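Lifted from TrEMBL, the feature list:
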| type | residues | note |
| --- | --- | --- |
| REGION | 1-141 | region 'Disordered' |
| COMPBIAS | 74-103 | compositional bias 'Polar residues' |
| REGION | 149-168 | region 'Disordered' |
| REGION | 187-338 | region 'Disordered' |
| COMPBIAS | 241-269 | compositional bias 'Pro residues' |
| DOMAIN | 434-472 | domain 'Zinc finger Sec23/Sec24-type' |
| DOMAIN | 511-755 | domain 'Sec23/Sec24 trunk' |
| DOMAIN | 760-843 | domain 'Sec23/Sec24 beta-sandwich' |
| DOMAIN | 856-955 | domain 'Sec23/Sec24 helical' |
| DOMAIN | 976-1047 | domain 'Gelsolin-like' |
Amino acid sequence: MSVNQHTHAGPPYGQPQPGYQGYQQPAYGGQPLPGVPHTQYGAYNGPMPGYQQPVPPQGSVRALPTSGAPPPASGTSLPSGHQGYSQFGQGDVQNGIPTSTAPMQRPPASQPFLPGSAPAPVSQPSTFQQYGPPPSSVQQLSNHMAGMTIGSTSISAPPPAGLGYGPPTSVPPVSGSFSATGSGLYAPYTASQGPPPPSVPQGLPLAQPPFSGQPVPTQRLPTEVPGFAPPPSSTGIGPSSYPPSTGPHPGPPMSGLHGPPPPTHPPQPGYQMQQNGSFGQVRGPQPNYSGAYPGTPNYGSQPGPPPKRLDPDSIPSPQLNELPPQQKPRHRIDPDAIPSPIQVIEDDRSNRGSEPFVTGVRGQVPPLVTTNFLVEDQGNASPRYIRCTSYNIPCTSDMAKQSQVPLAAVIKPLATLPPEETLPYLVDHGESGPVRCNRCKAYMCPFMQFIEGGRRFQCCFCSCVTEVPAHYFQHLDHTGKRVDFYDRPELSLGSYEFLATVDYCKNNKFPSPPAFIFMIDVSYNAVKSGLVRLICEELKSILDYLPREGNMEESAIRVGFVTYNKVLHFYNVKSSLAQPQMMVVSDVADMFVPLLDGFLVNVNESRTVIASLLDQIPEMFADTRETETVFGPVIQAGLEALKAAECAGKLFIFHTSLPIAEAPGKLKNRDDKKLINTDKEKTLFQPQTSFYSNLAKDCVAQGCCVDLFLFPNQYLDVATLGVVTYQTGGSIYKYAYFQLETDQDRFLNDLRRDVQKEVGFDAVMRVRTSTGIRATDFFGAFYMSNTTDVEMAGLDCDKTITVEFKHDDKLSEDSGALLQCALLYTSCAGQRRLRIHNLSLNCCTQLADLYRNCETDTLINYLAKYAYRGVLNSPVKAVRDSLINQCAQILACYRKNCASPSSAGQLILPECMKLLPVYLNCVLKSDVLQPGPEVTTDDRAYIRQLVTSMDVAETNVFFYPRLLPLTKADVDSDSLPAAIRNSEERLSKGDIYLLENGLNIFVWVGVNVQQALIQNLFGVSSFSQISSTLSTLPVLENPFSKKVRSIIDMLHLQRSRYMKLIIVKQEDKLEMLFKHFLVEDKSLTGGASYVDFLCHMHKEIRQLLS
Ligand SMILES: [Zn+2]
């Protein structure tokens, strides 16, 4: 390989460079952080500056990014989008190709290094060392709610010493009515009265009776939580069923409900079987669950009211396990009697999973994300593209404020559809482009009203009347519908695409196909861990799978390669070369690309040269001693290369360490966990320099999306390194303490998926709304240069943007509310397109209608993103408190305005929100908002960034992981075993469980698992021989092994990231980590148990009502 090292011809190293200075202009310093709330919102429906121009309707009417213009002020005042785009190319000239007279220099491998600088062998700690030892004192275990006075009239006893947040022991005020709500959850109670009700429809809010005027016990709405109010004796549970408030209860209440029905029904025997609190109870994995269904024997055979169900032992936490049973404090609340996520999920599956969700009706609440269902587009966007917190919006802002229910949509514009569903049709309106409203520029959609015989149409968003272009004219039928209604996707479907005209392109020029640039850290750690060799090997094959459009034979995407440590190496892989050529740029202070021709190439044409390069890279750097890396210049180099090639693209950066080498964007180690729980904690989430934010802005202007693969052995400041990734719409992956043997599968699967997945480049998204509401806030991985347009250098099929809406006028029940999301993007073949999603919502004047049409999973998605952004600016405790307060207000408003009058001692939850407390508690306990000692600052920044782009399904499983009893799986069926609740008490030591949260899969093995099962799954003969370091299960030829592996494969297919497999043996030290995910339990880091949190929420609600 020939090597050119170009020295920079400009000013000396380290001095300010003219080009570089541009990044530091003060004008850019004021750029808001990503996700920081925008305070200025122009009138949403008012025309944007670009729209004020008297351009023809099909003209460049979208507000185009203006970020490329040097001073933001002038950029935003550009008279038209064309000019905005024309600014983009102007930076290119600063970084010309260096002259060929640059002196040749030695290859990096022969560069001298100081003997003393050789790094010590890098110790590779076990992957789990990041999770340190558990807290040593019980004080540390006291949860964050310890400071909240639980003692109210109903909850007064102080917790036992050492249990920071002990369960209350007093009896709550007896308030009479217990409502046997329609949820199967309460079947145990009704069972005592007789057989359970025959399959009551559940989870269908629309089918439920009105809120008012009906006696509570006959309502299925709302959910009342027993324990907060003892049910009347007619339900089988009277006050006497509660543990007496004095002294420990003699018997273990739970066993009767959970153990094998007949023998353990009397409390006592079951209790004595119990060892260490939880595992001893021979509980089927979810007897409560299956038993909750009508017709199951468990409950029907119960002779009497389930006594003493309200027992604290039912939620053992680790420290409780150490106590002898008699000393355990008592809960009043039976975990089986409070709303169960599993029950809600299963109910929705059985009620809504069998029929397609047809989108023809306004304001329909879709099935839950956990339900498998097909969608039929009949005029509204599929819930795979848009999900809302509520499908019925209050008519006035006063109502909205009163309820405190956030109005938000989680939008995934390029979501992948199952093969059974139809991809959005591509509509070509010809040279004049898509038909749009003259005033608000909304795109033609099913809700536009054609009038005057079809000659004009009235906009459904702004009511303006627009002439129908001659080429688009069509007659109307007797109902006023165009006769070509069903022939045109934009008239009959919720989602479709328009082919964009040149007016929608930068510089009035159709884009070139995008490019992928692979940028590999070749410093000591990367080489020694085998990472560099692994990446190079993988790239050889993965390049054959670059995204292709439709039926194209080969991908239009060109590729380029860079390696780097303290300096950058560019490679010429032109097809005509016999060998690749390396060009070294050692002056990283003013990055330029030393070659244009031959850097970005077609894979097929340059196949041999690329293969040769990828073979040589690991050899070239095999003996490197260079430990320092740069990072900013790497992104700059990729950006400059795309600028020079005049295309958008994606950088794949594989990076290992904190960039401490002298260069723009150099960072220092500023990690300080002592800041946790102080007012300065927010700085841990903020970038340490504005350099990357400024760089991100330039990247967005060019359509340069940055995907980051991190392999840290120590702190590398994800909060700062992730800024460009975040603001360009890229993805970040982190493999702490990367070890080839255990982590390569995960990394390679992630890389393959990341390279192959559908992505739109140079994207701009705008959400239009009908009069009365407007989009006011946005969450996700993107950049905004104004208050309405979400800009993303790249937007892939996994990314969501969450949009919040506020009222700016009254809405009407008749007309409802409309959303139109328009995404302008460049496809992987370089085609400019617009993807349109429309959604119509109902509007209500009664709060009950709002509460009946909410979607809690989406609400949690929004609340988590809102909170995770809040930690950038506010103390974490304040963020947690405000979350609790908002949810308490939501529930209090329901109680006050929608629920039937009842005793204040009752907690009454709206049916659609009955899981709000349990899910909210999971958000509050998450690593970002309440880190344990083992969670690193980088972990928190990483999680914060991931969650911000997650869709509703991902946040659902991330915050409330899925726990499957593997030993209950039917090896003869394709189905998954029914999930169980995330609590230690649900685990039996004779079983094996799988827990997944979208990032990890744990396989937990009980100490008493039969030897045969262990042999079948792990190929070893005893529990003690199971290795905790396995990263995959051995491939064994028996039904159980096949079944478990097929379950794991199935789970991997459902997630956008390859999950890390972790084997956890009961009572092993790794179990601490596993228990962290048993989110209904009190957590070791101080998070409340579900039951305790529900008590707390109840108290908060009562305070608001009193
Ligand atoms: Zn309009």
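A Cβ is built for glycine as well, from the same backbone N, Cα and C atoms used for every other residue.
In this model, the domain 'Sec23/Sec24 helical' (856-955) carries an average pLDDT of 94. At the 8 Å Cβ threshold, with sequence separation of at least 6, the domain 'Sec23/Sec24 trunk' (511-755) comes into contact with the domain 'Sec23/Sec24 helical' (856-955) through 3 or more pairs. With DSSP states grouped into helix (H, G, I), strand (E, B) and coil, the domain 'Sec23/Sec24 beta-sandwich' (760-843) comes out at 0 helix, 54 strand, 30 coil. Using DSSP to sort the residues of the domain 'Zinc finger Sec23/Sec24-type' (434-472) gives these counts of helix, strand and coil: 6 helix, 11 strand, 22 coil.
Taking DSSP states H, G and I as helix and E and B as strand, the domain 'Gelsolin-like' (976-1047) has 23 helix, 12 strand, 37 coil. The helix, strand and coil residue counts that DSSP assigns across the domain 'Sec23/Sec24 helical' (856-955) are 65 helix, 3 strand, 32 coil.
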